[in-house]
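Just below is one structure, and these are the notes that go with it.
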Amino acid sequence: MSPSVVPVQAPAPGLERQAIIDLSAIANNIRHLRELAAPAQFMAVVKADAYGHGAVPVARTAVAAGAQWLGTAHITEALELRAAGLDVPVMCWLHTPQSDFTAAVANNIDLGCSGWELERIVAAARSLERPARVHLKIDTGLGRNGCPGADWPALVEAAMVHQRAGLIRVVGVFSHLAVADEPERPETDDQLERFRDAVSVAEAAGAELEVRHIANTPATLSRPDTHFDMVRVGLGVYGLSPFADRTSAQLGLVPAMTLQTRIALCKDVPAGQGVSYGLNYVTDEPTTLGLVPLGYADGIPRVATGGPVRVNGISYPVVGRIAMDQMVIDLGPHFRLASAAAADAAGGVEATAADSAGILGATAELFGNGHDGGPLVEQWAAAAGTINYEVVTRISQRVPRSYTGGAE
Ligand SMILES: *Cc1c(COP(=O)(O)O)cnc(C)c1O
């Protein structure tokens with residue numbers, strides 16, 4: 001079950017910092033998840049720049065690995081995929097009255113519709129003289145987007161009037177789950193029951209549905225009874241686990257993003273040295289500090305002190321406050337002894353100790369695919385009091401993405 005995980009080579013070793021995206025891992029994750037979901041179709045969710053991994057390269061890889069559909073939140077995100085030449089079915093589901101429904105219909109993008117959007121979509125179809133493809137969304141309990149159950153028959157009826165007029169085609173009914181990451185909770189059963197009822201109402205009204213869909217990553221992995229005609233998978237594509245008590249490896253997934261930089265400075269300090277703003281961390285013995293040039297402007301949460309940074313095979317916790325551009329690790333007295341010994345060997349020149357130990361400019365990995373016990377996104381999520389979804393998605397545009405591997 002556990003997938004083989006090998007070290008990822010930096011595609012651009014000259015970069016000062018990079019998020020390396022392993023497209024082979026993404027392709028393998030998709031193949032694995034597709035097998036679990038079959039015969040249901042597979043939608044790769046690439047919203048939010050593919051959870052920080054890069055929407056277009058991930059979408060291309062996903063399609064090559066067999067994803068039949070792509071999903072985004074916004075119309076603008078879907079249009080980006082079309083502009084890049086991706087011509088598979090694309091669906092998006094979060095709109096405002098400012099959304100460009102005309103561009104969506106013109107580009108053959110499927111639209112989620114919870115209610116008010118229907119008339120906007122119809123107006124776009126009318127002006128383009130081209131029917132729009134619509135997926136009606138029922139709120140089965142999440143309480144966010146989606147049509148309330150009480151309004152569902154009226155929404156379905158209005159949609160069918162427009163379908164008979166040739167303005168839209170109701171191709172899907174969908175919903176979103178609230179607690180699928182906790183598979184034992186009973187609310188998922190309630191949501192499924194309401195979903196089946198909503199599908200029945202639509203079909204009784206004459207809808208010929210291509211896809212009924214409700215499953216996200218956790219439901220795809222833990223609840224085959226949620227798969228219906230299609231699963232919508234985001235997090236799992238990126239190799240991350242949606243469950244608090246199960247690792248990527250236990251799910252047969254490989255994390256696709258490796259975040260690394262180079263050590264910018266390394267120096268010996270005495271006991272009593274305060275570190276970073278607020279001087280919240282003070283060394284209690286002579287030690288060696290390493291400066292890591294990534295901070296909250298790069299998307300590392302400021303509260304995540306204690307998160308791991310691996311240098312030369314050893315993970316060190318970040319000490320002191322994380323700043324906008326940088327953070328500090330304490331390499332420890334053992335390292336200092338080693339560097340002092342190296343300095344002795346080099347003729348007692350203390351300033352060269354860190355250099356001779358290979359620390360200045362050494363690769364500093366914040367998280368990766370877990371190869372050889374390496375640091376994981378989940379450790380940063382724990383340090384920041386958040387979830388793995390947020391850690392990868394927030395890695396900022398200041399960090400260049402580079403790509404390795406592919407769907408072959
Ligand atoms: C983001 C999203 C998904 C994907 O969720 P994951 O838990 O990342 O798989 C699926 N459906 C909808 C409507 C979403 O907004």
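Please read every residue number as a count from 1 along the shown chain.
The backbone N, Cα and C atoms fix where each Cβ goes, and this holds for glycine too.
Here TrEMBL flags LYS47 (among others) as active site, proton acceptor. According to DSSP, LYS47 (active site, proton acceptor) sits within a helical segment. For LYS47 (active site, proton acceptor), applying a Cβ distance below 8 Å and a minimum sequence separation of six or more within one chain yields GLY71, THR72, ALA73, HIS74, GLU77, CYS92, GLY234.
Look at TrEMBL and you will find LYS47 tagged as N6-(pyridoxal phosphate)lysine.
Per TrEMBL, the feature substrate binding site maps to ARG144, MET324. Sequence-distant neighbours of ARG144 (substrate binding site) (same chain, 6+ residues apart, CB-CB distance under 8 A): HIS176.
The domain 'Alanine racemase C-terminal' feature in TrEMBL is assigned to 256-404.
For TYR277 (among others), the entry in TrEMBL reads active site, proton acceptor. Around TYR277 (active site, proton acceptor), taking its Cβ as the centre, 12 other Cβ atoms fall within 10 Å, counting all chains.
A mean pLDDT of 90 is what the model gives for the domain 'Alanine racemase C-terminal' (256-404). There are 11 other Cβ atoms within 10 Å of the Cβ belonging to MET324 (substrate binding site). Helix first, then strand, then coil: DSSP counts for the domain 'Alanine racemase C-terminal' (256-404) stand at 44 helix, 44 strand, 61 coil. In this structure, the C-alpha atom of TYR277 (active site, proton acceptor) lies 11 angstrom from that of MET324 (substrate binding site).
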